[in-house]
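Colleague: According to TrEMBL, the protein has these features:
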DOMAIN    2-145  domain 'SPX'
TRANSMEM  250-268  transmembrane segment
TRANSMEM  280-303  transmembrane segment
TRANSMEM  315-332  transmembrane segment
TRANSMEM  338-356  transmembrane segment
TRANSMEM  377-399  transmembrane segment
TRANSMEM  411-429  transmembrane segment
REGION    470-495  region 'Disordered'
COMPBIAS  472-489  compositional bias 'Acidic residues'
TRANSMEM  514-540  transmembrane segment
TRANSMEM  546-565  transmembrane segment
TRANSMEM  577-597  transmembrane segment
TRANSMEM  609-626  transmembrane segment
TRANSMEM  671-694  transmembrane segment
Amino acid sequence: MVAFGKKLKERQIQEWQGYYINYKLMKKKVKQYAHQIEIGALERRHVLKDFSRMLDNQIEKIVLFLLEQQGLMASRIAKLGEEQDSLQQEPDISKISNLRESYRAVGQDLLKLLFFVEMNAIGLRKILKKFDKRFGYRFTNYYVKTRANHPYSQLQQVFKHVGLGAVVGAISRNLGDLQDRQGSYLSIYDQPALPLQDPVVDSIKAAVDRLTHSTNFLHFLAQHALIMQEELPTPTEEHVDDQRYHFMSLLLNLVNTFLYMVNTYIIVPTADDYSMSLGAAATVCGIVIGAMAVAQVFSSVYFSAWSNKSYFRPLVFSSIVLFVGNTLYALAYDLNSIWVLLIGRLFCGFGSARAVNRRYISDCVPLKVRMQASAGFVSASALGMACGPALAGLLQTNFKIYKITINQDTLPGWVMAVAWLFYLIWLWISFKEPSRETEENHVPQGSNADPAENDVLEKGLAQPLLLSSEDNQQDEDGDQECDVSEEAPEESHLPTTSIGSAYKLLTPSVKVQLLIYFMLKYAMEILISESSVITTYYFGWSTGEVAIFLACLGLTVLPVNIVVGSYISNMFEDRQILLASEIMVFVGILLSFHIIIPYSVPQYVCSGLIMFVFAEVLEGVNLSLLSRVMSSRLSRGTYNGGLLSTEAGTIARVIADGTITLAGYLGESRLLNATLLPSLLICIASITSTFYTYNTLY
């Protein structure tokens, strides 16, 4: 990946060049320290003192320049205010227009200053992480704690952008006052909800939003989606995003996500009953549920490739295929054919357009709302997961229309077929295909844009610089501690062209994260897919009771994410949460085994809840870490990081559903333990790999 030093040099504002952080010098200094310590020429405490002094000098240089520029802007705004006061007495349309343009010019300079602050904040974060990684010392914790909390803190000026808010407010208020409000004497303070329709103010707001990220919860949810934001977007790219953004098209993508998740889980409570009604064993439900995942392994690839050229056509194709698949699923009962049932589910899997949904958000949604859209993607998935089983529990009926049977087994298919038909009509009427001409000049964010740097300022204000959990990532500059990388070739920006080349870019830490993702998806699929068979065998639960249990599991997703994203992630490092969650998943699996004592409902429900909840926590934290350790070459193109993680999770589901069917040959009395044993072994392998990788590398 292209070194940050080179990126910083390319994007510097030339007239301000001497005021940026001297990242290249500091990186060389870190290497000198390492060499001197190695040969015994320098003690560690002297290194810490010298490096602290150097950082203080760099920050002071940045802050003094920042204050100087703020003062110049304040003087310009004050003079413009005097002109505005004189126009109150003798209004002149041409002078008002010129005054408005003058305020906009100040706004453009403010944008440059915000970009200056952003790049320096990134540089400080990176050099601190590089120092920690090189010396294995928690210098970041010490430096931030001593500097950020000091009453004369200069660090706060950079990361809290103190004073810039007043400049933003002055520009916004005065432009608002100059705007034609059709005789209204109200200001922006009287109507804070009323948006000021001015491009400069919108751009400033987007830049400030990058520095002051809305909430940790939204960020945590967005990590689930593995849709990342580019670290240093240019104003041109933001303008392109605004041109391509269409709210109704985004909403249609989120509805597609919701309906697909409903489609996936609506059959789970009745799959065993449906299989038996067609003459198959109850455990064939594993194949019935898993058939959709098998097809999704292939559909993810061709949908990801198709989204390079269009978003509308893949979504239309997806809707048609899902309509056909659900119709076949429903007709299988009257045709008395298990094969028609399986083909119907395969068709549903071939209609999985989640790759398109992710890609649309990352490529066509403006940066200022992309985090909310990503959180919406995850929320839609979670809601669909809860609504699917709940809806199945409500569809308890039995009647015939002509020769077509409508009962609890077939009705999920008919309901989803109708839902996809209505969705297709809505899609055809309302979806707006983004301009591809614009995209050619706009490097796509991909499903997961530059993961190593995406959260530079999103958590930096709540926890300035203190993101030690990111130490697990590869050297962010991609330089492998070598100056040669400063001249990284242009080819390093190119996306991968095959699964094989994508796999070669995976570092040991990335492979561990993918193994963890595989493990948690395997464990969750075992729990969900066999729930109907297990609860019927041990407890005699009805379809409605199974549906309530699964719906309750699904409803825990968002509350758990709120707690983790808003509170726990602020208290512990990501790696600590990761390891603790893995251990708790292991405990949940262990408690689920049926050994000697009679199997009870409290044991099954509690162990299942522990397993599912901590698997959800693990998924969010794992994808958060994964997004920061992947190569930037996996941030775009067909074979991107989102596709790799999707494939890992889908393959896990396929193997889990196959395990259920194979274990069914041992008999229902042994099914539970036979399916839990592989989950336990994979979980142990996952925990061992986590310990080994992080202890070895870090």
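Glycine too: its Cβ is placed from the backbone N, Cα and C atoms.
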Colleague: Pull the DSSP breakdown for the domain 'SPX' (2-145) and write it out as helix, strand, coil residue counts.
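Modeller: The breakdown for the domain 'SPX' (2-145) reads 126 helix, 0 strand, 18 coil.
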Colleague: With pairs restricted to those 6 or more apart in sequence, evaluate whether the transmembrane segment (338-356) and the transmembrane segment (250-268) have 3+ C-beta pairs under 8 Å.
Modeller: yes
Colleague: Could you pull out which residues elsewhere in the chain have a CB under 8 Å from any CB of the transmembrane segment (250-268), counting only those six or more residues past its ends?
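Modeller: Result: 274, 288-289, 292, 311, 315, 318-319, 322, 326, 329, 345, 348, 351-354, 356-357, 360-361, 364-365, 373, 376-377, 380-385, 387-389, 391-392, 412-413, 415-416, 419-420, 423, 426-427, 430-431, 528-529, 531-532, 546, 550, 554.
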Colleague: Quick one: do the transmembrane segment (546-565) and the transmembrane segment (609-626) reach 3+ CB pairs under 8 Å, ignoring pairs fewer than 6 apart in sequence?
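Modeller: With 3 or more qualifying Cβ pairs, these stretches touch.
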Colleague: If we call contact 3 or more Cβ pairs under 8 Å (sequence gap 6 or more), are the transmembrane segment (609-626) and the transmembrane segment (671-694) touching?
Modeller: no
Colleague: Averaged over the whole of the domain 'SPX' (2-145), what is the pLDDT?
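Modeller: When the pLDDT values over the domain 'SPX' (2-145) are averaged, the result is 80.
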Colleague: For the transmembrane segment (514-540), could you work out the same-chain residues 6 or more beyond its ends whose Cβ comes under 8 Å from its Cβ atoms?
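Modeller: Non-local partners: 265, 268-273, 282-283, 285-286, 289-290, 293, 506, 546, 549-550, 553, 578, 582, 585, 589, 592, 594, 599, 601, 604, 608, 611-612, 615, 618-619, 622-623, 626, 644-645, 648-653, 655-657, 659-660, 668-669, 671-672, 675-676, 678-679, 682-683, 685-686, 689-690.
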